[in-house]
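In what follows, a single structure is set out as structure tokens and then discussed.
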Amino acid sequence: MASVGEQRVVLITGCSSGIGLRIAVLLARDEHKRYHVIATMRDLKKKDRLVEAEGDAYGKTLTLLALDVCSDESVKQCIDSVKDRHIDILINNAGVGMLGPVESISLDEMKKVFETNFFGTVRMIKEIMPDMKKRRSGHIIVMSSVMGLQGVIFNDVYTASKFAIEGFCESLAVQLLKFDVKLSMIEPGPVHTEFETKMMEEVAKMEYPGADADTVRYFKDVYLPSSIDIFQAMGQTPDDIANCVKKVVESSRPRFRNLTNSLYTPIVAMKYADETGGLSVHAFYNLLFNFGSLMHFTMSLLKCLTCSCLRRRTISPD
């Protein structure tokens, strides 16, 4: 039984902008008022955009709390402030990106990515999961990525952090079934957010000490233009992802893995079709380095491979 009347209590991390903000708005403005949303962010000074988007739902079906997923103390203080520590649905959305030649990225920078994307999610789960197990009820949702299923060149560190959380959750999901606690992964491809746009602009201007000239050239002149083309052609909006999350929340039998973009289904299928791994590695190599127009070729290939049956499989929880 939820702690706010008949509403289910939903705690969401990373709600100051982008996907987290849109999930919070969508659930808090549910026409049947089925959810009480606790939207969290590290710095409450960044709340204005969320408060404006919520409108009259703010203070009624949505409350705000400060939360830094990288701090044990902050996580515990936040959860302790929730009535009876009762959270029906935990949506782990907070995350950071990392892009560029691996030679130019320090280990400290890599650790910061893992601190948020992996350990931040684990920290939240460890704090909330015991209460869910005691009640034998709850749903944990983790914002992963298609890069948690398939590695992407020059996204080595970010991809590694998403692979790590995929493996952690896949293992944990088996145990949680015994306690009637659900665990679901959300796996978007490219998403149009201010964060992604700003990161793309910044990395194009950066210097990359430690990386050889050829690698920097491949990154700036081959990968980045192709990546931008793919974002423009295939990118989803934060609202698209929020709608997918809402369907998973509402499902009586939510799937463990939920790809949000059916055009990426063949990429994942290609990886698992060849146990040696060579098929996907060489396919990506050829797409990137042996074709003049990566975006055009990739779009044609994916549209040919993606049939209507695969499209129907994308986010159809029931």
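Each residue, glycine too, has its Cβ placed from N, Cα and C.
Remember, TrEMBL labels are computer predictions, not curated facts.
Per TrEMBL, the features are:
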DOMAIN    8-194  domain 'Ketoreductase'
BINDING   14-42, D68, K162  NADP(+) binding site
BINDING   S145  substrate binding site
ACT_SITE  Y158  active site, proton acceptor
L26 (NADP(+) binding site) and Y158 (active site, proton acceptor), Cα-Cα, nearest whole angstrom: 27
Rounded Cα separation (Å) that holds between D30 (NADP(+) binding site) and the residue listed as 'substrate binding site': 26
Lowest local Cβ density among G14, G18, which the record lists as binding-site residues, within 10 Å: G18
For L26 (NADP(+) binding site): intrachain residues, at least 6 apart, with Cβ closer than 8 Å: D239, A242, N243, V245, K246
Separation of alpha carbons, S145 (substrate binding site) and G14 (NADP(+) binding site) (Å): 16
S145 (substrate binding site) and R34 (NADP(+) binding site), Cα-Cα, nearest whole angstrom: 27
Residue pair G18 (NADP(+) binding site), the residue listed as 'substrate binding site' - Cα distance, angstrom, rounded: 15
